[in-house]
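Structure first, then comments.
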C-alpha cells in the first residue's frame, strides 16, 4: 500500500511527567482525511523525531502505556483463565476417570477434554452479536458467569454427566472471551502501544498454563486434588467480574452508540487530551462511511471489503493450527522423557517457561519490528525447528545427541510460535477488520480456530501411528513455510497506525503487498 500525506511533528507535555503524550498529526485537507494516511516509513521517521524532541535520547522512561494498562490487565485475566483451563484437565484426567467410574473408557476420557472445544466453538459464534449489542466490558462480565458455574459444577461432580456439562459451560465462556479480549485491547490501547498491550493476551495464557501446572503438583499424590484445582478455577472469574466493573468501555463502541461525551472522557484519560478531537474525528469518519447503520448481518462477511479480512483471519488461524502447535505440545513430554526427564509436570513446566519467554519477547518486539515481520520470522523459525526435529529422528546420529537435538528443536519451535504466530494472529485480525464488522469477523476467525484445533486433536495420533512422527513433523514444517509465504504476500503492516487509518486505507486497497 502506498500513502503520501505529509506529516508535522507536534510535541506537548503534561504537567505530570508520568503522563507525557507525544502526538503525530497529519497535515491534510478535509477531503483527504477519509482516503489518505501516512506510510509506515514516514511514521518511523516522525516517531524518531518525537523521541529526540521528547528527551528519549536522555534516557527518560516512556510511560504513555500506563493509563491503559490496568484496563488491559483486567481483560487479560480472561486469557489467564483460558490457559488455566487448558492445563487443568490434562494431568488429573486419570484421577477424574477413576473416581467417577469411567477409567479405561478412552472415548469418555477424550470427551471430557474435548467437549471444552465444542463449547468454545459455540461461544465464538455468538460472541460477535453480543459485543455489538452490549460492548466488550459488559459482555466480558456476563460471559464470566458460565466460566464460574462450569468450574464449580465440575469441581463437585459425582457423575461423568456433571463433569461434561461443567466443561461445556467453561468452553462456552472461553469461546466468547478469546474473541472479546483482543477486540477490547485493540480498541482501548493507544495506537503506539497497541501491539505490546495486545501481547498480554498471550502472556496471560502462558501464566494460566504455568499456574495450572503448579497447582496440579499435589495431584500426583492426592487422587482427589482435581476437585480443588477446579474450585480454584472459579477465583479468577470473580476477579475478572470486579476488574471489568472498574475498567472502561471501548471508546469506539461508545462512539457507535452515540455516547460521544463518555468516549471523549476515556480518550482524554487513556490516550491524552491532545488525542481527543483527532480520534473522535476519525471515529466519525469511519461511521459516516458505513452509512450510520450499526445493525450487522453475517451475510455481510461475503461483501466487499469485509470478506477480505474474514478470509485472512480464517486463513491465519487455519495455518496456525495445522502448523502443528498442539501436536508438538502433546509429544513434548515424550521428547523430554527420552533425555531422562520422566516427570510430565516438569517437562510441561519447561515448555510453559519457554512459551512465556517467547511471549515476553513478543511484548518487546511487536511495536518495534511490526506484526508482519514478526509473523514471517516466527513461522520461519517454526519450520526450521520442525526440520531439525525430523533430522534428529531420521538421521543415524548418536542417541544422546539425537535426543538433545530433538529438545532443541521442540523448545525452538515453541519459542518461535510464542513470539509471533501465537500473539500476532489474535492482534492483527481486529486491526485489519472494519469497526462495523470487527465482532463478527473475529467470531468467524476463532470459529475456524476451534474447528481446526478439534481436527488436529482428532486425527493427530492416528496419523502418527500410520506414518510415524517424522513425516507428520515434516508436514508441520511445510505448513509453517507456507504460512510465512502467506504472511509475506497477504499481511499489511499495521504498526503505528490507528484502527481507523487502517480501515480507510483497506477500503480501497487489498490487504496484500509489502509495507
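Placed from the backbone N, Cα and C atoms, the Cβ positions cover glycine too.
Features reported for this protein in TrEMBL:
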| type | residues | note |
| --- | --- | --- |
| REGION | 31-56 | region 'Disordered' |
| COMPBIAS | 32-41 | compositional bias 'Polar residues' |
| TRANSMEM | 68-87 | transmembrane segment |
| DOMAIN | 71-495 | domain 'Major facilitator superfamily (MFS) profile' |
| TRANSMEM | 107-128 | transmembrane segment |
| TRANSMEM | 164-185 | transmembrane segment |
| TRANSMEM | 197-217 | transmembrane segment |
| TRANSMEM | 229-248 | transmembrane segment |
| TRANSMEM | 309-332 | transmembrane segment |
| TRANSMEM | 344-366 | transmembrane segment |
| TRANSMEM | 373-393 | transmembrane segment |
| TRANSMEM | 405-429 | transmembrane segment |
| TRANSMEM | 441-460 | transmembrane segment |
| TRANSMEM | 472-491 | transmembrane segment |
| Does the transmembrane segment (472-491) come near the transmembrane segment (309-332), with 3+ Cβ pairs under 8 Å (pairs 6 or more apart)? | yes
| query | With pairs 6 or more apart in sequence, are the transmembrane segment (197-217) and the transmembrane segment (405-429) linked by at least 3 Cβ pairs under 8 Å? | reply | yes
| task | Quickly jot the same-chain residues contacting the transmembrane segment (107-128) by Cβ under 8 Å, restricted to those at least six beyond its ends, or write none. | result | 85, 89-90, 93, 96-97, 139, 143, 160, 163-164, 167-180, 296, 439-444, 446-447, 449-451, 453-454, 457-458
| For the transmembrane segment (441-460), which stretch among 68-87, 164-185, 229-248, 309-332, 405-429 has the most Cβ pairs under 8 A? | 309-332
| message | Looking only at the domain 'Major facilitator superfamily (MFS) profile' (71-495), what is the model's average confidence as pLDDT? | response | 91
| note | Residues outside the transmembrane segment (229-248) whose C-beta sits under 8 Å from one of its C-beta atoms, at least 6 past its ends, are 70-71, 73-75, 77-78, 80-81, 84-85, 88, 92, 137, 140-141, 144, 147-148, 151-152, 154-155, 166, 170, 188, 212, 215-216, 219, 266, 269-270
| Chain residues in Cβ proximity to the transmembrane segment (68-87) (below 8 Å; excluding those fewer than six residues from its ends, i.e. six or more beyond) | 116, 136, 140, 144, 147, 170, 173-174, 177-178, 180-181, 184-185, 188-190, 193, 197, 200-213, 216, 233, 236-237, 239-240, 243-244, 246-248, 270-271, 348
